[in-house]
Amino acid sequence: MGFIKLFSVASFPVIKVLLITALGLFLALDNISILGEDARKKVNQLVFYVFNPSLVGSNLAKTITFESVVKLWFMPVNILGTFILGSALGWILIKMTRPPKRMEGLILGCCSAGNLGNLPMIIIAAICKQEGSPFGEPDLCNQYGMAYAALSMAIGAVFLWSYVYNLMRISSSRIQNEDRTSNDSSMLKASKGTVDNAYTILLPETNSEEKVSFPSKIKHYVRMISSHLNFKSMFAPSTLGAIAGFIIGVVPQIRNFMIGNNAPLHVVEDSASMLGEAAIPTVTLIMGANLLKGLKGTTAPVWTIVGIVVVRYIFLPLLGIAVVKGAMHLSLVHSDALYQFVLLLQYALPPAMNIGTIAQLFGSGESECSVIMLWTYALASIAVTLWSTFFMWLVS
């Protein structure tokens, strides 16, 4: 298939996203106020607790089997690679641009966490339905593509709320401690005592007579780390929906009872699918409405925004090609072209929308986050289209 044909196939999904995003932005304007701040919060909760779990669970239940789980083992490794490589590039960007301290955690988050759930679902669903798609019969392409995207969403949510959440939490805590120290010099001695006590807790005292065993140290560090992990956020409704979908799909007895037109409880699966179909357009509208903050928000350092765009749309996709092609060369990835496309696409996406939620939670870089989201999602129309075209050519 020629490059021009692939480009047209890749561009239509992004154009659809832009149109619905523009509608969401229009509905959020003060003069219209259909998707005002209160409305967005309520609709967001509906998506978070109902639509997304239904979409993830129903798609995984229909397509995932024990055999397919064995074939898809590389996807969690690939997604972890996007987070680690992104955070490493984000750290380099911080060293080069020297942004305000309050933005360091935000930059790490934007560089490491991509929109691994909603955007791939929108793009893959549109590409599969597009005439001339290189991934074969539309219904089969959509069924398997949505399962891959659902798995991507579930795994991405776990890494986002365990890895990125704690990166931004640590950065925010450090800044708050520095501000508190500089604003109240009379507390220096007390602060030093607290720090000393903290080190005493982290590294138990040892002397020549009594030494702490290595297993005890390991247990101590594990306890310290687990006390700071947000397990409630890690096991978000989408993740629980993915777990339910896995169990239904992998266990033959449950699968035969719920999946298929002749299954006794197929009405439950049909109802979940119906709810899940509302997720993609609703999320896209909210995404557009949230970008209004960027138009009204304060300015962010120009070179920081440029750096994040370069990391997400140039360096990460190039590294992703090396990782996925290397895995294919070592026969770690099976030969399904659609699966390979999803793995590559995971490296070429704009930042996760939940980065704004985390920034709001810690009150660090919230206004700058809106500006970064505005520019990265505006430029995604060009970058994601070009990379999708190249990736389709690469795997087809």
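Indices start at 1 and increase along the chain as displayed.
Positions of Cβ are set from backbone N, Cα and C atoms, glycine also.
Going by TrEMBL, these are the annotated features:
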TRANSMEM  12-34  transmembrane segment
TRANSMEM  72-94  transmembrane segment
TRANSMEM  106-127  transmembrane segment
TRANSMEM  147-165  transmembrane segment
TRANSMEM  234-254  transmembrane segment
TRANSMEM  304-324  transmembrane segment
TRANSMEM  344-362  transmembrane segment
TRANSMEM  374-395  transmembrane segment
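By the Cβ criterion (distance under 8 Å, sequence gap of 6 or more), the transmembrane segment (344-362) is counted as touching the transmembrane segment (106-127), at least 3 such pairs being found.
Ranked by the number of CB pairs under 8 Å to the transmembrane segment (106-127), the listed stretches 12-34, 147-165, 304-324 are led by 147-165. Within the same chain, residues 40, 119, 122-123, 125-127, 130, 281, 284-292, 377, 380-381, 384-385, 388 sit at least 6 positions outside the transmembrane segment (12-34) and bring their C-beta atoms closer than 8 Å to a C-beta of that stretch.
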